[in-house]
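Chemist: After the structure tokens below, expect a handful of questions from me.
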Amino acid sequence: MRIDCTVASLTALASGCQALSTRPYVPRGHSLSRRDDSAPIYRDASYCIDERVDDLLARMTIEEKAGQLFHTRLMDGPLDDEGSGNNAHNSTSNMIGEKHMTHFNLASDITNATETAEFINRIQELALQTRLGIPVTVSTDPRHSFTENVGTGFKAGVFSQWPESIGLAALRDPYVVRKFAEVAKEEYIAVGIRAALHPQVDLSTEPRWARISNTWGENSTLTSELLVEYIKGFQGDKLGPQSVKTVTKHFPGGGPVENGEDSHFAYGKNQTYPGNNLEEHLKPFKAAIAAGATEIMPYYSRPIGTEYEPVAFSFNKRIVTELLRNELGFEGIVLTDWGLITDGYIAGQYMPARAWGVENLTELERAARILDAGCDQFGGEERPELIVQLVQEGTVSEDRIDVSVRRLLREKFVLGLFDNPFVDPESAGRVVGNDYFVRLGREAQRRSYTLLSNNEDIVPLKKIEQSTKFYIEGFNASFIESWNYTVVDSPEEADYALLRYNAPYEPRPGGFEANMHAGSLAFNDTEKARQAKIYSTVPTIVDIVMDRPAVIPEIIEQAKAVFASYGSDSNAFLDVVFGVSAPEGKLPFDLPSSMEAVEAQMEDVPFDTRNPVFKFGHGLSYANPCASSSSKCS
């Protein structure tokens, strides 16, 4: 029986009904003419969502259903562009028109919000021209911080710029996390992005792992508290037309990778639990599910030395179906991480399919195994013909495909995409990177600084002469010169040295792999000796960008003051040094005392390095901290 959604609006969320809350934006020259008395049920917003899903699903061919199960990258540019060489790919027109795909990850830098909104509108126009007119869901990796790696995230560009997630954890302010998520949501929606391929709630129990900066550290309680605010900020109390859906990753926790090596790569495919501590890594996912997480992504890794089969998590039925769905009660969408079926290239680097533990399976067999495990959608793949073949051969039933397609379609209806797929490009230009959002991000950058040491209370440098000379490394002289101080060429000429260093890492080859900071957490002996000469020559203030917990006992001992930062520009650094802002951050992880201690610790156990230089929660305050709530000094 048809339910009148006008009458039922007060119980819409409970009944599956949802009426439009805003008038849809319609691009010039286009009319949503399908909405008339003869429109099918799925096109009629007065029907309830479940009825609309049922109607649409019944109209779909197996080819159209198969297209929904794939979620791959989308490059800004001509819709018929197929790339070339190692960057060859199916054109957007082909993926939407021929492969029936409607889920895409925008994998380009955004340099102009208006133009990006116009581009996504063109994508939606193309989708509406298909037989069923299913709108596109556009997703993105994180875009609001300082990391630039096509496989994991993008620099903020035109968006407001905030600390990495690890910096929000250092700040330990749930309000700031909620505000960040609300701001990011508004900026995403403005350009047409409706899915966030984050938060990353892995516990950073292995200090060498290359992906710590997007986590909230190694404490499960803090991570769980902050991720709730994050999800609520993006989605609201309930997913709806004003939401950006989140994808919580990487189940069942990607932190305890063997020897800290990342499972994007074959040498890092193993995940290990020498402390028998899987349950600790599940705690953030339990919190996410309780907070309304609608989508979860397993990681590439395969568990070793556990009760589970040593195959990658998305191929692992006991992980996805028995643990995630049955034991934890998750009823939403499971999206695999990228590239589990097909070999390919990332940033020009050859990357075999991350089918760890099932490398011997054919592409067809891999697809079948992933579906059998309980996953709904294949990330980073564009192979719907495999699903069609599996159904036609009888290997996978169409009913099984319908289960996943129903979840995916329902989400599009809940987000309001069938009724309002377009965005206003002019509004995007006003919303994205507006002054208020930018100011909030800059304040968070400054507040998240962690003061590790402050010998003789050298910072803040508030009472220094205008003739003071600075030796600097790691940032441009123009930042100091804007304060009307002089920059000199050597430590011997300087009154103070200001140094900004990335946390140590061992460079790796390859276009993609080179961007993953991995290996040793300590500076090599040559670099230590070079730095020591500076520390012995002039009072030195050091900032270490802690994308991983650096092993720097020698810097703590020799420098006058040491900060940890987690994504900030040089203006933020100088504001903290000169006392315009005060550091409020607390360490979101232990700082190890040596690489020997790192190598001896157990990958799955938090706070497990011997005699850390500083423990989780360490962070000094200035002797005379600013009194205002914004931590600004007059």
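Any Cβ shown, glycine's included, is placed from N, Cα and C.
Pulled the feature table from Swiss-Prot, pasting it below:
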ACT_SITE  Asp337  active site
CARBOHYD  Asn90  N-linked glycosylation site
CARBOHYD  Asn112  N-linked glycosylation site
CARBOHYD  Asn219  N-linked glycosylation site
CARBOHYD  Asn270  N-linked glycosylation site
CARBOHYD  Asn360  N-linked glycosylation site
CARBOHYD  Asn476  N-linked glycosylation site
CARBOHYD  Asn484  N-linked glycosylation site
CARBOHYD  Asn524  N-linked glycosylation site
SIGNAL    1-19  signal peptide
Chemist: Report the nearest neighbour of Asn219 (N-linked glycosylation site) in space among the glycosylation sites Asn112, Asn360, Asn476, comparing Cα positions.
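Modeler: In terms of Cα distance, Asn219 (N-linked glycosylation site) lies closest to Asn476.
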Chemist: 10 Å Cβ neighbour count around Asn524 (N-linked glycosylation site)?
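Modeler: The answer is 11 other Cβ atoms.
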Chemist: Please identify, among the glycosylation sites Asn90, Asn476, Asn484, Asn524, the one with the smallest Cα-Cα distance to Asp337 (active site).
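Modeler: In terms of Cα distance, Asp337 (active site) lies closest to Asn90.
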Chemist: Calculate the distance in Å between the alpha carbons (Cα) of Asn270 (N-linked glycosylation site) and Asn360 (N-linked glycosylation site), and round it to a whole number.
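Modeler: For Asn270 (N-linked glycosylation site) versus Asn360 (N-linked glycosylation site), the Cα atoms are 17 Å apart.
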Chemist: Taking the Cβ of Asn476 (N-linked glycosylation site) as the reference point, list residues of the same chain whose Cβ is under 8 angstroms away and which are at least six residues distant in sequence.
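Modeler: Those within reach of Asn476 (N-linked glycosylation site), by Cβ under 8 Å and sequence separation of 6 or more, are Ser570.
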Chemist: Across all protein chains in the structure, which of the glycosylation sites Asn270, Asn360 has the highest Cβ count within 10 Å?
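Modeler: Per the Cβ count, the most surrounded site is Asn270.
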Chemist: Give the helix, strand or coil assignment DSSP yields for Asn476 (N-linked glycosylation site).
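Modeler: Looking at the DSSP assignment, Asn476 (N-linked glycosylation site) belongs to neither helix nor strand, so coil.
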Chemist: Do any residues at least six apart in sequence from Asn112 (N-linked glycosylation site), in the same chain, have a Cβ closer than 8 Å to its Cβ, and if so which, in order?
Modeler: Val158, Gly429
Chemist: Counting every protein chain present, what is the number of Cβ atoms, excluding its own, within 10 Å of the Cβ of Asp337 (active site)?
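Modeler: So the number of other Cβ atoms within 10 Å of Asp337 (active site) is 24.
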Chemist: Which secondary structure state does DSSP assign to Asp337 (active site), in the simple three-class scheme?
Modeler: strand
Chemist: Hey, which of the glycosylation sites Asn90, Asn219, Asn484 is the loneliest by Cβ count within 10 Å?
Modeler: Asn484
Chemist: How big is the Cα-to-Cα gap, in Å, between Asn90 (N-linked glycosylation site) and Asn484 (N-linked glycosylation site)?
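Modeler: About 54 Å separate the Cα atoms of these two residues.
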